[in-house]
Amino acid sequence: MVSRIRKLIQKRVYDILSHKNGTLIVFIGLIIIIVSAFHFGEAVIEWSHEKYATVFNSYSDNIGSKSFRKRLCLPVPIDVVYTWVNGTDPALLKQLSQLRYELKEEITSTQETKCTFHNCVPSNLVVLDPVLNEEISLLKLQTMNKLFLEANKIFNVHTPNEPKRNFTFVQFNEQIVDNFTSKYVILDGKNTSVSKVFYTSDLTKQYSMVSEDIILMTGFPHTLTSTELKQKLPEKYQPSISDIKLHIDIGVAVLTVPDKIQFNFILELQNCSIDGKTPTFSTANYIWELRDFSRGEDIASSRFEDNEELRYSMRSLMRFAPWVHHIFIVTNGQIPYWLNMDNPQVTVVTHEELFPNKSHLPTFSSPAIEAHIHRIPGLSDRFIYMNDDVMFGKEVWPDDFYSQSAGHKVYLTWPVPNCNDGCPSNWIKDGYCDKACNNTECDWDGGDCDGKSGVQLGAGFHAGYDTASFGKYYFHFGSSLKGQMLHFAAYCNTGCANTWIADRYCDTACNVKVCGFDAGDCGVEQYGDLYGIMLSKDINTYHIPVGITEAYFNLTEVFSINGTITQALYNINSVIRQVAVSNKYHVLTIVLLGKFNQTWLNFSLHGHTGEKENTFSTNFTVSVDTSKDLKQEKTVTSNKTMNESDTEEEEDIVILPALTEKERKPQIKMGKEDMLNFMDRDFNSNNTQLPTEIISQLYLLETEYKADELTAKGFRKQLQKLKSSLLSPSDVKLNKVLRRLLWLDNEDFEDLNSQWYLNKSQSVDNHIGLPWEVKNIMKDIKIVSEDNDYGTPTHHGRRLLDTFGDSLRHVNKIYNKAFGFDSRKVPAHMPHMIDKNIMAELQARFPEEWDVTSSHKIRHPKDMQFAFSFYYYVMGVKDEVNSSQVFEEIDTDHSGVLSDREIRTLAARLYDLPLYLELLTGLENLFLNCSKSIAPETQDESVTELYYDKNMPQVTKYILLNCEDFTSLIKEKFKPVGRYKYTITEEDEIAFKMIKTNVSSVVGQLDDVRKNPKKFICINDNIEHGSEEAKTVKAILQDFYESMFPIQSDFELPRDYRNRFLNIKELKEWKSYRDWLRFWTHIALVLLVIITIATYFGDKIEEKYKEYKKHSKLKRKNSNSSLLFNDSPDLDNTQSIINV
């Protein structure tokens, strides 16, 4: 049988081979068999891959193409998102320059009738820049341009500070200047800007100059006319005042005083009162808005040179984090010339793909871009967001960012800038009304300042500093304006401003008797030297002896040792230097000013005696009289006694000058270098009172010192240099102690010390952001607030430090309202792991704020900072605990009914230990009462609990959910719990290096990174690329990158190759053209094949066609013959016979 089959197969094979097309048939058969084998194998492999993909693929689908199954705790894919821009792109620079021009034009159109500086009023002057030639007279200027036909004076001026610049002022009458609009005109062959000039008492603005004949007067009754006001002034000064212009809307009077001697006398005028109000006189300062669009050095390509940080950052990913699944690079359409676009693990994403609202494009704001990166198509649920200047220096794993047990790991650095100067975050909503916090920026001290009558006592309140007495208690500018003086009343002791008393910080200069020993901030050990009074419940009137300026009240008899003062009020009186309550020591300290006649002070204290329910309040009056100086009286008496008793020998008596307590101490003579050891200790990165940019610089300096990058001597030198950069030489004497001078309410004093805020040191904006944000080229573009137009700034106003610091305040204020007041810090500049679902939830909760952020073309004070917003949302959002959750947690046996044991567990959670029988009985009675008041429940009788109390109902989930008393108890006892887990992590693994143009400093910084590698490294480029040393620094930086990451990644093209297209748009256009060309090429090839086949087999095709035609003809002929046969009559008859 087998042999027969074999012979049959052999015969068939021979028949096929003997056929004329046999070889072709065999060849085609072999091809079919081979293709089928491959197809079968592929199907088997795919089936196996799909079957085990959930086990293996998630561990090996990464940029390193390696399996990390034994290392990764969670096999979820984690992507990396970069934001990158090529700052040297000419097209980008052109767009940036155009945006800057448009913003300035917009500001020009909105600021023509607005000025937001302090006491800012319009003048009758305009300024020309650049300065005109001195040979150009007023008549010639009028002939040069009809704009100046109504001018009546022209003169040149120069700025007093470096760098000196010259300008030309042109004077008009006020009606013409009021309708004046800034513009550019051609004068003397030059493009000249013409801008309105304003008067302001702010003496710190750039390109501003002090007037020699204009005085600004504030604090006068607004009902007076200019003539009446002049008559109210001292008679001896009235003739010297040639003109008074009133601006009643903001309470400013402009006095023109041509006589320089009288000008100086009026400025020094102090004891002047007009209808009960004390006016303030200050020198006018010329200010204007320079709008010079012709100078474009700040947008030169050399300022934004690319050091290829992105290339080396991606190399660090390959080396230290190869588990990353995919890399997305978000750009404005640019492509790095070295990027391998064919690598499937990297994708370039444009802004157009992310922004839902295309009207927000183009944007040059990093917060606006960051607001949408979670929208990247195909992005993993958790991704790592990195700037291109951030890289890894050691092995990094996902659990460095997030773990199931610890949650999000948050790396924090320095504190968020204060909401207002002199108002630390821990002062807000602390139960005391702090004047420095009593403003809109701080939400009225978080509600502590509720607007009640009187003045609430608390740290930071400075009694005598009301708007009606600025001139009395504050400094003024001397006639020469070469130095400034403070009135004696602003300081109780040398180096101790009144505002430092009771500021919750022990100031050595204030820990003296004349300052009330800092009102308890330094303890009460020395209070025995003060005049003390025991406050009694039965006495309402007290007297402090004549001449006593420091006294205290002991409050323990009224409020007990365990009591607390919750509110303290008193009436404003000019005799008060400072009043403060110390709950810690239960004392009320009063520090008074000298040389005041007898007056009465009214106080009102509210609090409790230890238990909040046992509240208590008391009102009392204190009589004070400081008109006599006890020290002087004692000195006179002593001299008289000595002269009377000393009759034997008369000697010349040398009266020594009075010395302060500080001056009476031994003095150590030291050199300039030694003085560094005695700088005040508040100057560090933990002092939230310092400006944002200073905290940032100090933080960087301290990090370098801790890393042994700086010696102790070098650290002190850098510290001194940073301090010196903050204060101009004229301010040094005034600011011997660099502490909270900004807490003084006098706006002029804030202006005088504005060098604290000026950008002589690097701004925080230099730390992060796009190149133009790092270089801060938009710094001269001010965001105008409509609320402050011509508004008189309040005495608690603040200065804007920088947009980054302001945006942190903005988010902090929003989160204070949403999640409660808290002391928050700024996340470190490092990679951040973001959960895109949480980010979507965050933006859904604050949609308007994020939409506003997205709409900004450049960085803005109202931006939602990305990392700060995300992490503090994770830390701040909480969920209320409900009865259902409590029941599920307590019902450990999952029976649906609470047993006696489980009820005891519930009671332990609800009440303080130990548990008494009354508490357990009360809880059971609560359940019993609830079971009677709610509708009965259909219950499974098979599940029941036997209770000790036979009357006890079955405590089911139904009872707990419908019992209002139990729900209220749950809300009271169970506080809201955080929705997400998080852990605050130390910043030991973070290295931040600010690279500047100093070669030796750069070498030291980079060597420190080599010696002490960290997981997260930021090399921030702050190089001045136009300087001579810039090339050397850049070469050193490039050498460092190559030494750290010499191996090319798979994302790079070979060194000899460059991308043909450096813009996504051009690349897409080329791809579209390529696809179109490929389509028609394929069509042409198909046609060519058809034509070739037709040409090569033409004869056979024709022969086959003829055969087919002949066969068809024959078939048709046979068909016709059959029809004829069927129609024959004989055939029909024969058929009929057969049928019969």
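Note that Cβ sites are derived from N, Cα and C of the backbone, with glycine treated the same way.
Features reported for this protein in TrEMBL:
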type: DOMAIN; residues: 419-454; note: domain 'LNR'
type: DOMAIN; residues: 878-913; note: domain 'EF-hand'
type: TRANSMEM; residues: 21-41; note: transmembrane segment
type: TRANSMEM; residues: 1079-1098; note: transmembrane segment
For the domain 'EF-hand' (878-913), distant same-chain residues with Cβ under 8 A (at least six beyond the ends): 819, 919-920, 923-924, 940, 943-945, 947-948, 954-957, 960-961, 963, 966-967, 969-971, 973-979
Model confidence over the domain 'LNR' (419-454) (mean pLDDT, whole number): 74
Residue counts (helix, strand, coil, in that order) that DSSP gives for the domain 'EF-hand' (878-913): 19 helix, 3 strand, 14 coil
Helix, strand and coil residues within the domain 'LNR' (419-454) as assigned by DSSP: 13 helix, 2 strand, 21 coil
